[in-house]
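In what follows, a structure is listed as structure tokens, so that the remarks can point back to it.
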Amino acid sequence: MKQKEGVIKPKTKRAKRFLDNRAPKLRENVKNAMIMKGGNTSMTVTQALKDIYALKKPSAVLYKKKNITRPFEDSTSLEFFSKKTDSSLFLFGSHNKKRPNNLIFGRLFDFHVLDMIELGIEKYNSLSQIKNSKCPEGTKPMLVFAGEAFDHDDDHKRLKSLLTDFFRGPVVPSVRLAGLEHVLHFTALEGKIYMRSYRSLLKKSGCRTPRIELEEIGPSFDFVLRRTHLASDDLYKTAHRQPKALKPKKKKNISHDTFGTKFGRLHMQKQDLAKLQTRKMKGLRKRRGPAAAAEGETSSKTAKVEVE
Amino acid sequence: MAACSIEGLLAKAEQDEAEKLKSITVQKELDLEFDIGNLVAYDKNRIDIRLFREQKKEDFLRSLARDNTQLLVNEIWKHPTERVEEVIVVKLPEPTTALPREKPPPKPRPPTKWEEFAKLKGIQKKKKTNLVWDDVAKEWKRRWGYKRVNDGTKEWLIEVPETADPNEDQFAKRNKAKKEKVAKNELHRLRNIARAQKIKVPGVGLTPTAQQSKTDLARAVNVAKSSTASAGKFQERLPKEKAPRNTGKKRKFQPVIGNFSNEKQRQLDLLKVMDSKKPRLDVNKAVNKQMREDDREESAAKFKKGGKKGRKGGNFSGKGKGGGGKGKGKGRAGGKGQGPPSGKKGAGKPGKR
């Protein structure tokens, strides 16, 4: 594939733009997610996949056909699909007797599987079951992770990172204050993970910051953590390596003191103080001899007299 | 007296402030951690399981979510805002959580042979304008591309130089020279890419791949044989080596003005065929041929399946497996049988279906 990329030159500007969009970049695009079904799925699973697709639109693709693969055993099919649609996140839903209502969240690095975490749905309320007005598609959600497990347990830590990656949306420099509507709340409690989706209403409070009232909208899941396939430490480190160009440039020779005053530093060459050019003051000029000095005195004397 | 009233005023002001902030303050044991660049909040407080079980689950979760969201919103509102086209927008900082990248960071392209030479000699790239004034057409034309200045291929008059053969086709010569230039450029481009990716490219001949089949090797031998000065005409063959098939022209066309009697004969034959009542396609023969082919395929597939299973674990009930294989084979053949006859013009096989 890599070999063919350089060999086939794009013939139109549009093709060139398309290929440049998919090429590795300094600042990457939003991660696309592919949502697919396994060999056997139940109504819960299909509805759940549709709801998560609605949350993740437009940076997601929902496949309608069943794919008879097992991600934990053979991930070649997933890697092929990710290359075709340029997706680095996937959600695989399946249902069998041993693992009912199964969802596998996963992500890829360089089109190879990085992490996979399997969650089982115990209770599920779909978008259509909760009847009220929803948030518009594509709003950047606020994510909240509650519970000690997200800090102590390794599996839960990776799950936290994966869920942030999955749901965060595009990275933007600024956000409209009135548009902070969608909240996704994850609670880890007693080995279970509760996911709830709310719409936040900004009510007037006495001061500038509004008071928040929540209204449940979206899908609500009660997950139980099943199998995990986490990346090895060195692969994880390689995936996190950022290019040097992205590091913020340090400004040298500028310092701030405790009061907030900004100090700068100038570096000068060594100067011969005897030959320095300063302001010329006529009175301080050197006279030629004692005669000159006496003149100076008499003149001053006369000046004194005049004043008096 | 004045002091008392001032104190009283201050106390009242503090109380008012506290009242105002009451609606947005939330009491938590541990402060939450925020990543405002991603709009994420991490709450590490212990959740009281007893409280969770006592209350209704949804209400407990909702109140917890409300508190956490309030704290997150408080933190967001602390950041600087600006007004962009009648909309108030808050400027977010860079995200702080380290998330893995999608693809590895881009590697800088290694310099090509020309770029290395230019660097060595100190040749700078001269920026040229895209448009050049054309005096003949009295307008600005491109330097290269569609409708360009100095388009050699569009010349309608070429002077034959004195040293050249008067019967030589100068236009064909120009076209050929252009094709060679384009091919040379393409070769150099591919060589640069191969050098950049450190793939070995041989000087002449075919590149060897990892797994070479019999046909690949035969092809390589043929290419090597015909890459001599006389195009392989005087290369001897080994004692038992067969002559290469599928060489020569793929399609043969009759010359435009050749044998007139031959052409007349061909046209008359064609008319005779069109006139005759007998159909060109012998349906029976075609159907029998197809059936024979299907049977052959079916037996080959059964043999393959039976052979493999027999080799692996011979204790299995041969009947059951054979039956399964048979059923599968029949089903497949049936499916296959449907395909080609429907392709043929109406010659269906209702019996088989």
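Note: Cβ is positioned from N, Cα and C throughout, glycine not excepted.
Feature annotations, reproduced from TrEMBL:
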COMPBIAS  B:234-244  compositional bias 'Basic and acidic residues'
COMPBIAS  B:263-283  compositional bias 'Basic and acidic residues'
COMPBIAS  B:290-301  compositional bias 'Basic and acidic residues'
COMPBIAS  B:302-312  compositional bias 'Basic residues'
COMPBIAS  B:313-326  compositional bias 'Gly residues'
REGION    B:224-353  region 'Disordered'
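Using DSSP to sort the residues of the compositional bias 'Basic and acidic residues' (B:234-244) gives these counts of helix, strand and coil: 0 helix, 0 strand, 11 coil. Summarised by DSSP class, the composition of the compositional bias 'Basic and acidic residues' (B:290-301) is 12 helix, 0 strand, 0 coil. DSSP labels the residues of the compositional bias 'Basic and acidic residues' (B:263-283) in these numbers: 14 helix, 0 strand, 7 coil.
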